Amino acid sequence: MGLSFCILLFLLHFNEGIHGLQFTKNPSNQTVTQGNMARLGCAFEGLSEPEIIWIKDGEKIYSTDQMYITLDAHHWETFHSVKSVQQQDAGKYWCEVEYHGRIISSEPAWITVEGVPHFVVEPKDVAAFAGEPFNLTCAASGPPEPVEVLWWLGGEQKGDFTPSPSVLFIKGETHQGSVSIHTFAVFDVKVHHVSDLNITLTWSPGFTGHSQLSTCTIQVSKGPGKKVKLPDVDVVVPPFQHVFEGLSSYSNYSVRIRCDNEVGSSPFSPWVGFHTPEAAPSAAPKNFTFELSEQQLTLSWAALDQEELRGRSAFAASGTDVPVSFTAARSFNRQFPEPPESTLDSLGINSDLKAKLQDVLISERLLTLGRMLGKGEFGSVREAFLKSENNSGQKVAVKVLKTDINSSSDIEQCLKEAAYMKDFHHPNVIKLIGVSLHRRAQQRLPVPMVILPFMKHGDLHTYLLMSRFGDEPFTLSQQILIQFMLDIARGMEYLSSKNIIHRDLAARNCMLNENMSVCVADFGLSKKIYSGDYYRQGSVSKLPVKWIALESLADNVYTTQSDVWAFGVTMWEIMTRGQTPYPGVENSEIYEYLIKGERLKQPPDCPADIYEIMHSCWSPVPKCRPSFQHLIDQLELLWAKMNPAPVKEPLLYVNLEEEDGEQASGPVADAGTRSSEEPSWGVPWQCVGAALAIGGDYRYIIGPHGSVIDEESRHSDDGLSEDVKDEEEDVIINV
């Protein structure tokens, strides 16, 4: 009797538990056009961490496009997304939760997929006499059927929808008047082969107004505010190129161009900025004297003035006691023999890695280290000269990695990263030249040094700041800023195609080469570190929190989508010309600031469509952020709008009876205009329920990627100078 009573109590308690478990939200039926996105949602209440499974037509769905959001301690919501719906995605969907062997199911929902109508016959250009009527024909085919056609003429709707195929009847009309056709502004102005005294300019003419161009006028101004204008130069065209001479070395210039025909002049193109390089001094040192004593020879001479110097001085004197100082390229110790050079065979690495690195490892004897270019939390970058076997050479940048190398596995990890990077070939990704191993005195293991191309204009962040606060501030047009964004997006698209996650994308980690193209620096190997941009949270390594995505701050999750978040912040840096993100918000407050739904504000003078793109990168739902390819497409569209190509309007009829040869253009069919309040494209992160992701805990079903490495204590380096202590930690490549 007692046993039966216990079993009865257990069954009653079990049934109460089952009754407390329920779906509070069921998926809803959706009819979706093929190629669009579909999103289904379920919410379950009663368990602390339920395993909610999505089912389609009786089969479990295995997909990474699912997300869980906690509504409270025992209430969870899940979403299943289909980015581009196809016919095979149509079917019956529902959610299931298993509890003690019993299946609890939600109400089902159906996804119905519609096709996209397409034109099979489009209107064609028609030439007609004045007053003569004519017809235009248009036909489209589904699914879905039936298809109806709506006509627009001259920006105005003509009639109502008519079944396909549809014919528009146009009565004959006669237009009379005078026409004055002017040329459009030139576009695609480019500066090539910049030297200290001249440049080569190329450009593309705009719409000529049906009158041949005769000349183009080039205007060049110098200095901030374009205060100093050089004499205008008139060039006979074609060809549309010119070598402009008479420039000064190490100076900022801007150039613009207009073209003329027999009717008149076009507007000027937008200003395009460029910077001439340094040149050799134009005069010999003056007042050269020497003083000879028993122990030393002292040389002295007068400094060149700025015009004679033609650039920055190579050395900055720290005092007046020693007129001449020399820096040794290498140091020698008489007490100990010079340590032998490190080789791959001496490191004990595996044979496959050794074979990959045979053409990457560079002898330390071929490197002559020069001045420090940058130093920070994790490492330093030095200017250096790399000699080749035939005694020629090139200027390079050498990144000296951290000095606290404690095992051969650390070096092997660094060399593995170099093996990956040696295969990178993209104009917007910095190219690895090689790796060298610096043998330290009385140390068993060497220090890895990464050899990279020397970037004439340094990092993008400093360049942006110099445009506002330099000795000679200069103007950066929106076309140039968008070109910077395009370069970075193309480089990141290339890295993501190689399954590489950057994890530290920012303007400071993008470099400007001599052609003013932006190169994404490989995982911080050539970056200039700014201590204030990094923040240590507990025992975790220092992180650039103002560039890190929400899920990376919360769960240490790094994906290509988290790189997209950082790209949006980098866009904000570019539009503000180098300002620090989230002004007034401390690093320790960033997570709470973002979890409330706050984001970076629209910068002054930033067009709404550019801010719309960067804002789409900061969706709280990673899967709703745009891909790098999508960002490239949108930025190219913006760049094309600012540099419009000549547009030929469709000709509907021509007045052939005009004796003076003038052409009367008729009304042109237009696709209609979009309201100014509408965005020019859909924002990817405006997904149903996306705002719920900013509240409370949440988890993601994602592919595995790398984690942040704790920063270890640093040790002094006996073989290198004090400048290369506290070097940068290894950077992880996630493949």
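Here, residue 1 is simply the first one shown, and the rest follow in order.
Just so you know, glycine gets a Cβ as well, placed from its N, Cα and C.
As given in TrEMBL:
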- Lys399: ATP binding site (BINDING)
- 719-735: compositional bias 'Acidic residues' (COMPBIAS)
- 21-112: domain 'Ig-like' (DOMAIN)
- 117-200: domain 'Ig-like' (DOMAIN)
- 185-279: domain 'Fibronectin type-III' (DOMAIN)
- 367-638: domain 'Protein kinase' (DOMAIN)
- 710-735: region 'Disordered' (REGION)
- 1-20: signal peptide (SIGNAL)
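When pLDDT values are averaged over the domain 'Protein kinase' (367-638), the model yields 82. Every protein chain considered, the tally of other Cβ atoms within 10 Å of the Cβ of Lys399 (ATP binding site) stands at 24.
When the domain 'Ig-like' (117-200) is classified with DSSP, helix, strand and coil residues number 0 helix, 39 strand, 45 coil. Across the domain 'Ig-like' (21-112), DSSP assigns 3 helix, 54 strand, 35 coil.
A strand conformation is recorded for the residue listed as 'ATP binding site' in the three-state DSSP classification.
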